[in-house]
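Worksheet: one structure, shown below.
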């Protein structure tokens, strides 16, 4: 056993400039689980792989960390090729940290020892300083000599984060880090962790099936389904400008109105003629499905278009009405909780859309 | 990123050497049973005819009767004791619940010598009766311990803990809800026990029973000493007395048939345990409080097996060993040392191989590896006599090939390198005890989640460092337990040691057996006592783990 002296030196990592995935496929025994995934992450950004369970998002994350080999494609960190069909840099040499779904703290080590686990090459005083800095950052000063089993779930998750961040990785990966925690704790922890990552200017990628988590955490979301990345964009963009029907249906609540194109930026629909502010690129008289979200449809007593309330859900600040249009289509509509209507009543509806999202029928 | 330029560019790590090692270990450990099976198949009809005409009926009937007797006995003691200590509350319940395991420390052959010494014609009990009444030999009836009934009793006394342990675990796992639901549906407590608790625990009880019966079939020391002719004594007599490998193998083959049936029964009921235990879990029990009058009976019932199965024989052995036995100290030290280093070597080898198999299945969970691990763990069910013959036959063959080979090329003379040395013994122990250590090692490995490996790697550790800094500290406990269990089992093992030991090499167990066979029961006491005391260590560990579990269950 001989270690080169260069490894003993403090490995100073520069911050990530960019990480690119180019047509990455990952799979077992010739069966791809992730197909042709591409996206780019920039300095200090928090990315997110969002999708239903079994869509391949965790597999892609494991490939980034180096626990899976690539079938095709390449992964580059700051231009350096770290994985391709015939190149595989081992996980320990990638300087990519990871937080695991089941937390995976080492039960035989104290909190300090857990966090310092990746700092074995650091001078002792620097390592100590780093550990106490991180413990302070995650709000667990005073827990130094405790053991993982004596901590609550949320505290363990914070330690896991500190442990992964300790060696200053270029990139931090988080695999469903909040899935084991209850809703209340998650609500506290998500913004905390975003603040910590931003404070450290650390680039990160989160894997989750929970879009609220994705929106609260990420600068850039990649929506995945059946092994493919459907769209990568800001949370605002993927909600308001979904590029595929899957994204439109998976993100938020969406209904489709049947519509006929009547001009470069307008369509006829069950709820009247709707004009967008941009050309939609469809040809006149083409039949399309128009995406409407509950917040696009307003309760409007003056409107000539009516629908019958089928059921209603009280949401505190507002009602969500399930409304049947004369054509038989069902749409959802938000109304302020002052507008309390009975089931079976007819209400007027109007559509407020700036940007038309349509898919060919 | 200068560091990256000199990183290893491994393609997907395959761990193929581990897979090959697992297959190889399994193939070698399967050798004894294959040898027996081949000999069964090639054995000619004459041997079979001869066996059939002479001894077979006696062996089969004795073995079956023994199994029936022991089966009834262990159920009658094990199940009620488990029920009383797990479902009822009375003073001293906690003490009884672990003390009931103590007879496990007592090898059957040792309890047999002890009670023979106490109960036979010249023993203190009968002498006392004669002194008191003035009767003489033949004028009164007394229980003849050296009989089939005696063997049943002795085996029952030390084997009931298997049934006790399994059924106790089953009773504790049963959700209190199940029983409470039955009460709300109008069943009385007693009806709930017979209609629900007992049927639910049945797979576990059957599993415990099959384990006890496997030990019964494997027993050699007790039946040989009591002159009850069963398969194990028959196999060794045929092999040694007549040097007839074919006939011994035929007998072993029939014994294997019995064992195979027990294994199938055990697998089947283990499978059903999983089925029965599914769903409802761990609502804490409210135990039935026993009135004082009933508590006394519970005490008597639970204390009796402990007294008869452990305390009395240990006290007798201690008395003999300290005040009566004639055994030179140097002799004893030599025996103890032989036993110790043999058991130490065996446990290190067995646990080392178990680690290889455990890692093979963790890192390469393919069908061939799973099958290999299954095969390697088969030996736990094989009686020591069968393993002994299955070991000595191929090793002797190998030795003669080596001798021929060497003779052909030089004038050097080599002895029996394999069959005449400790190699044979260690090999047989490995076959016999692989399953227990594999169980402990896999249990330990199961606690190291795969994500911990990955966490270590992503924090910059090489696989080697992950092993030294995460796996070794976390596995230490399980590995030590495995080593301890194999150590003690090896120390107690009799038939394989008897057959395979090198010339003039004695262990505590062998010496105790020899002295007892020479009717020097009292002189056998120091060695026997030593075996029992060492055997206590894993029992204490086991009882500590079950009592801590029951405390959690509260």
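Just so you know, glycine gets a Cβ as well, placed from its N, Cα and C.
Among the features that TrEMBL reports, domain 'ABC transmembrane type-1' is placed at B:60-263, B:336-542. TrEMBL lists B:21-43, B:63-83, B:95-115, B:145-165, B:192-214, B:245-265, B:296-320, B:340-361, B:373-397, B:417-445, B:466-488, B:524-542 with the feature transmembrane segment.
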Outside the transmembrane segment (B:145-165), six or more residues from its ends: residues with CB under 8 Å to it: 62, 65-66, 69-70, 73-75, 77-79, 81-82, 100-101, 103-104, 106-108, 111-112, 115-116, 119-120, 205, 208-209, 211-212, 215-216, 219, 222-223, 225-228, 305, 308-309, 546
Dominant neighbour of the transmembrane segment (B:245-265) in B:63-83, B:192-214, B:373-397, B:417-445, by Cβ pairs under 8 Å: B:373-397
Whether the transmembrane segment (B:340-361) meets the transmembrane segment (B:524-542): three or more C-beta pairs under 8 angstroms: no
Tertiary contacts of the transmembrane segment (B:63-83), as residues 6+ beyond its ends and Cβ separation under 8 Å: 96, 100, 148-149, 151-153, 155-156, 159-165, 167-168, 171, 193, 197, 201, 205, 208-209, 212-213, 216-217, 223, 228, 230-231, 255, 258, 301-302, 305
